[in-house]
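What TrEMBL says about this one:
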DNA_BIND  33-52  DNA-binding region
DOMAIN    10-70  domain 'HTH tetR-type'
Amino acid sequence: MSRSRRSDGDLTKTKIIEAAGPLIAQYGFAKTANKTIAKVANVDLAAINYHFDGRDGLYQAVLMEAHAHYLDEQ
C-alpha cells in the first residue's frame, strides 16, 4: 500500500519557509537553529527533515522563494 500525501503538507512547507526566511536573514544561516524555525512555524522539528531533507534543502527552498518573490516584483 502506498503512502498517501497529507493534505496539509504544502501548508506545512509554506509555514516553515515563511518562518525560516526572516530568521535566516536576521541571524544568518549558521546561527539559526532548526528548532527555532520549527517553533516559530509551529510545526514539529521532524517536519523540516521530512519536507526539505535537512537544513541545506530548507536553505535552498528559502533562497528559491526569495528569488521568485524578487522576480515577481520586477
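Just so you know, glycine gets a Cβ as well, placed from its N, Cα and C.
Non-local neighbours of the DNA-binding region (33-52) in the same chain are 9, 12-13, 15-16, 18-20, 23, 58, 60-61; each lies 6+ residues outside the stretch with a CB under 8 Å from one of its CB atoms. For the DNA-binding region (33-52), the model's average pLDDT works out to 97. Counting residue by residue with DSSP, the DNA-binding region (33-52) contains 15 helix, 0 strand, 5 coil.
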